[in-house]
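Below: the structure, in structure tokens.
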Amino acid sequence: MLAEKMGAITLHCMPVASTPTRRGRPPGSSAARASNGAGSEAATAIPAGATPAMAQWFVLKNQHPDALLFFRMGDFYELFFQDAENAAATLDIQLTKRGLHEGEPIPMCGVPVHAAEMYLSRLIRRGWRVAIVEQMENPKNRAGKGPIRRDVVRLVTPGTITEETLLDAGRPNLLLAITQSGNRLGAAWLDISTGLFETESLDESGLTALLGRLDPAEILCPSSLHLEMWDARRGPEQPVSDPANARARLAEAYDVSHINVFGSFTDAEAMAAMQALDYVRDAQMGALPRLGHPVPVGEAGRLAMDASTRASLEIDRARDGGTERTLLSAVQRTLTPAGGRMLAAWLGAPLTDRTVITARQDGWGWLLEQPTLSMRLRETLRGCPDMARALGRIALGRGTPRDLAAIRDGAHIAMEAAGLLEGILPSALAELHAALHLPPDLPEMLEAALADPVPARIEDGGVIASGFDGELDAERGLRDDSRKVIAALQTEYAQRYGVASLKIRHHAQLGYMIEVPAVAVETLRTVPELILRQGMANGARFTHPDLSELDRRITEAAERARQREMIVITALRQKVEAHAGSIAACAEALARLDVLQSAARLAESGTWCRPVMTDDQTLTIEAGRHPVVEAALEGGPTPFMPNDTDLSASRRVMLLTGPNMAGKSTYLRQNALIVILAQAGLPVPARAAHIGIVDRLFSRVGASDDLARGQSTFMVEMTETAAILHQAGPRSLVVVDEIGRGTSTLDGLAIAWAVLEALHSRIGARTIFATHFHELARLQGELPMLRPYTMKVQEWRGKVVFLHEVAEGAGGRSWGVHVAKLAGVPAATVRRAGQLLTALEERSVGLTDNATLPLFAASHGNETETEPAEGIHEAKPASLPPELIEALGQMEPDKLTPREALDLMYHFKSMLSSQAHNGDVEAESW
């Protein structure tokens, strides 16, 4: 597993292919927007009379018409024309004017260079692409006249960002490229911040599931593909249409004879991978980041979940788009950013390979059995830096001193963790242990080289520690000695000129100056060697020939020290890059170790268990719980009610009835989430669990309309149901809620019945089918694998108590009027509803057997869906057990306490259920 990521390969620059015209996709972009958007000046010629700087702007804007141009001018990035108007509106900053263009003032806005990342973050999140234009020479040191040379140094797009402040520490930042070859799609996704690079071949029908699993920041794909809710993330179309050329260029990029050394790639996958690399290279102005080789992952080996299932289960995103009250938030005990990302990846792509699942379980299980070691390991991992992303920035030439420090600190943490894991280990931990060992000279060199603490920016100086480089120390000594001379001169000048308050200060534009108060100005004007340079409201500034010479010496020494420090820093970066593969593998090992300790921490409470994983179709859970709801209830007065689930071979379809608010939806979701956790290799919230590997998971719980696509709630429900019936198989798990609602009662009942039959008899999937159509419980005789269950309810003196407990048996009421009362429906309306319900129930007396419902001409299990049902199955007249008749005759209702009455009712129910199972009577659940 780790071997796939260990061998990070240095990419070689490849011939630059012709770059097609790009079309940026800011929010709400359209053809109309394009003519008035970021690129509206693309065809504008350089106007006569333009200043040299503005002439540069026009040239660069014509090269990057669809990006906002961050044009460096001194300490600001300036934006002009439509760029300025778009940026000012997005950033809520002031729009000003500068100069004229064709007789009109030029719109302008700007952001400070030191705060640019904050503004970039807001623009990128709104979907803009930004071209960064830097000054390519120092204004102070350049020779000759004319404008400062400027050029675009990079394009910042949602899928190609690397800055720590722009990235979400807990989520990958993926660029996804999709191409088409014949009837197959090829997808390639990469994260330049960590080096991840993977591909997959899929049908177009699997596209939304892929998008839901990856949640990419930016998508490159043909305009003919419909991305639905991800369309706002669509990047410029940049097609690659020659698979042979794509394979050859990929092989050249990785310096191999053929890309098949990395695995088997379809033509579409190869073209998608090359498209992604081209886009990244263009965004980095020809440079390529350190990327692992492309890994074809394929669809096999992962639990398949479509987009609606992911949304329904709120795995890592809640319905409101946030991350709270999700499965990830409920189980996360990771201590590092990389560990958080890996845990999210495990939950987003659970496995179907029992061997790999078991290896993960063995890893956290071993840590669980070593509590003292685990505690020390957590202390070691706490505060571990994000080595992978630091390495990515260093490889791109944008590494900061703190990125070098992150590699240093991460290496020390890895060494300490490796020391803790010495000895006999399970295979999962043994593999990690091997990857934690970096070449010892690397952390030693970084420890000796870097100052502590390191500054945030290289420009601030002081990155390299004293004593590491003799030449740098010498230049710093000259600079610092000259500064000591300045301090001595201040004392000498104050005494010589009789001005006790005289100060020598450095100014960015003037250099070192003598500053005196106003009362001393006239006296110093008469001193021949002093030259007045600047008057001030409260004094004046003078210079002196000796001071000017010292200023020159200090400036030159400081510049030599700066240049030498840059040489040393560059050497450190190169040393880090030389070990990039080992560092990347170490970073992944630390992340995996963090996930395993998180799982062990979760299991420490004793209320989470290690599920038994098998390749059969069993799915049994003892005292299972919904992890998110349980976490929300923690500390409150009401504990979560655990429930069992038994979908073993002889009872693999569970028909669940019961009232609203009784917990049906929670129960459905909790079983799906337990399967996800189990197949991610993690503990599950249950006393015990036996999970036969699920290949596809479908959750249709809680539907809503899709106004953007013009679909009603019922249409959305039917579309999702159709997907289940087409894609589910014998190894699938299907949890569905209220199939058939949103239409007439008979239509809904007919649809629910037909779907239930298909899942039971044709597909054979493990199924939990929640419904308010209580009549479906009568299908138990027709569908041998079906078992009815209901949510238990207690009623006393007109009040209903929902017990949130699943019990075997069929429910007879939905308690909708009681729920309406609890919801605050006016009392008069509730009373009227109760009267109408009573009347309707009385009218329906005698119409409750199958013979009186034409709909219940049940098809037999061996009939196909297209065959009409034949025959009406008569229900046998109900006969009460003699024991029950005798007990009723002896009962004295007026002498019973409420508790005795309730116990007696449950006893009667048990007697009825016992006879119902023998086929003599149908029992109604109380």
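If you go along the chain as it appears here, the first residue is 1 and each next one adds 1.
Cβ coordinates are placed from backbone N, Cα and C, and glycine is handled just like the others.
As recorded in Swiss-Prot:
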BINDING   Gly658, Pro659, Asn660, Met661, Ala662, Gly663, Lys664, Ser665  ATP binding site
COMPBIAS  26-40  compositional bias 'Low complexity'
REGION    16-40  region 'Disordered'
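Annotated features taken from Swiss-Prot, shown on the structure.
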| residue | record | Cβ neighbours (10 Å) |
| --- | --- | --- |
| Gly658 | ATP binding site | 30 |
| Pro659 | ATP binding site | 20 |
| Asn660 | ATP binding site | 19 |
| Met661 | ATP binding site | 18 |
| Ala662 | ATP binding site | 25 |
| Gly663 | ATP binding site | 24 |
| Lys664 | ATP binding site | 25 |
| Ser665 | ATP binding site | 18 |
Three-state secondary structure, which DSSP defines for Lys664 (ATP binding site): helix
In three-state DSSP terms, the structure that Pro659 (ATP binding site) belongs to: coil
Chain-mates of Gly658, Pro659, Asn660, Met661, Ala662, Gly663, Lys664, Ser665 with C-beta within 8 Å of site centroid, ATP: Met791, Phe802
